[in-house]
Amino acid sequence: MLLNNFQATLEYAKELDKEDSLKHFREEFYLKPGSIYMDGNSLGLLSKRAERTLLESLEDWKEYGIDGWTQGNHPWFFMADELGKKLAPLVGGSAEEVIVTGSTTVNLHQLVSTFYKPDGIRSKILADELTFPSDIYALQSQVRIHGFDPDTHLIRVKSRDGRFLEEDDIIAAMTDEIALIVLPTVLYRSGQILDIKRLTDEAHKRGILIGFDGCHSVGSMPHSFSEWDVDFAFWCNYKHLNGGPGGVGGLFVNRKLFGKMPGLAGWFSSNKEKQFDMEHTLTPAHSAGAFQIGTPHVLSAAPLIGSLEIFTEAGIENIRQKSLKINQYLMDLIDNELADMGFVIGTPREDARRGGHVSLEHKEAARICKSLKENGIIPDFRAPNIIRLAPVALYTSYEDVWEVVQILKKIIIEKQYEKFKNEREVVA
Ligand SMILES: Cc1ncc(COP(=O)(O)O)c(C=O)c1O
Ligand SMILES: Nc1c(O)cccc1C(=O)C[C@H](N)C(=O)O
């Protein structure tokens with residue numbers, strides 16, 4: 001018997017699969033026979049529906065040429081807003097507050113360009129030292145654009161242990177010098193969820209705007225951005241939402257901030273009725289659509305149309321429930337089967353504090369990952385010592401998880417990893 005009433009046998013894993021109400025969605029995805037995909041938190045797999053809507057969009061181009069902007073299966077002129085409407089329930093925004101556009105880093109630049117308004121002593125940006133590097137590079141460059149030195153004007157809250165952040169430490173750093181806060185919803189290494197509502201409330205008490213990077217949470221758990229009064233958020237759609245490599249990202253802007261001139265404007269920031277008047281004075285859309293810049297990347301957004309159908313059918317609450325259970329099962333099996341093998345689980349144990357992946361630390365992590373791949377398991381490695389494993393609610397079975405843990409055990413017992421160098425690949 002394991003910790004949470006789970007059992008360690010293959011038969012038990014099969015029982016869990018039988019009871020899984022989401023199990024039929026697995027058939028919708030292109031899973032490679034003989035391989036177990038545990039990297040949905042870096043790039044989700046292709047579904048047949050995503051493939052279908054991409055092909056339909058190509059068909060529209062073939063059939064309609066320029067008229068594809070207003071005709072066909074998925075008229076391109078309205079695609080970003082239509083996708084925003086479908087994504088809105090997953091982030092807890094209204095249809096007007098969400099748009100599918102840009103990429104995570106571009107959207108971050110857009111939102112910071114719009115909402116970072118240094119004013120006297122209130123001139124600094126607050127982030128944290130565990131954030132994904134692209135966000136830090138973007139924030140550093142935004143600070144520089146305003147003529148400040150990132151060393152003094154980009155404050156990074158420290159982690160006490162290198163894994164997690166304490167909300168108390170973040171709140172303590174919300175001084176009257178802070179103009180804007182940008183934090184992750186879920187940390188990309190440890191999978192820790194930050195208390196978004198508490199942080200938002202505390203920021204607002206101090207008159208500070210706050211935005212979140214939702215890359216590692218959107219598609220794996222529900223959000224209530226509007227209800228929590230978050231000012232803005234941005235994310236990619238290629239991880240848990242399976243929108244395809246380099247697929248178009250998303251952003252949320254709280255409706256109380258509508259009407260602001262976008263920091264980075266372009267003709268797709270326009271009110272759609274006015275756009276083709278071709279005036280030199282921009283009339284921005286009175287919605288998150290105002291934060292688009294230029295022509296949408298139609299073919300990179302099209303797979304998301306099909307993918308979101310699946311999320312609507314499955315229900316994000318059900319997805320979260322399975323995600324919590326299957327990740328718990330993975331952690332319990334690791335505790336049970338891999339004890340005394342040098343593994344440390346670097347993900348919070350409490351449901352309310354963990355996202356959709358498990359961070360497994362080991363000093364030989366880089367070469368264990370290579371060994372896993374040789375055994376048909378796709379994890380990812382994050383330097384210096386993390387094996388990230390993401391059992392995904394829509395397509396990972398409990399049997400897959402059981403199998404992964406057995407293979408990990410074999411790799412360690414047989415020292416299979418020793419034939420590889422303990423260093424990362426180019427794309428790790
Ligand atoms: C948390 C986080 N922020 C930002 C990025 C950068 O995203 P993109 O390269 O799509 O701009 C990623 C992933 O690459 C990420 O995981
Ligand atoms: N965006 C990526 C890419 O272009 C290549 C390889 C990986 C990625 C990722 O998304 C990595 C991801 N942000 C992470 O959490 O590590």
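Here the Cβ of each residue, glycine as well, is placed from N, Cα and C on the backbone.
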* Since TrEMBL lists THR104, THR105, PHE132, PRO133, SER134, ASP135, ASP213, HIS216, TYR238, THR295 for pyridoxal 5'-phosphate, which candidate among TRP228, TRP267 does it give for that site as well? -> TRP267
* **Mapped DSSP class for THR295 (pyridoxal 5'-phosphate binding site), helix or strand or coil** => coil
* Structure fact -> Reduced DSSP state (H/G/I helix, E/B strand, rest coil) at TYR238 (pyridoxal 5'-phosphate binding site) is coil
* To do: Report, in whole Å, the straight Cα-to-Cα distance of LYS239 (N6-(pyridoxal phosphate)lysine) from THR295 (pyridoxal 5'-phosphate binding site).
  => 23
* Structure fact -> Checking the recorded positions THR104, ASP213, TYR238, LYS239, THR295 against ligand 1, those whose Cβ falls under 6 Å of one of its atoms come out as THR104, ASP213
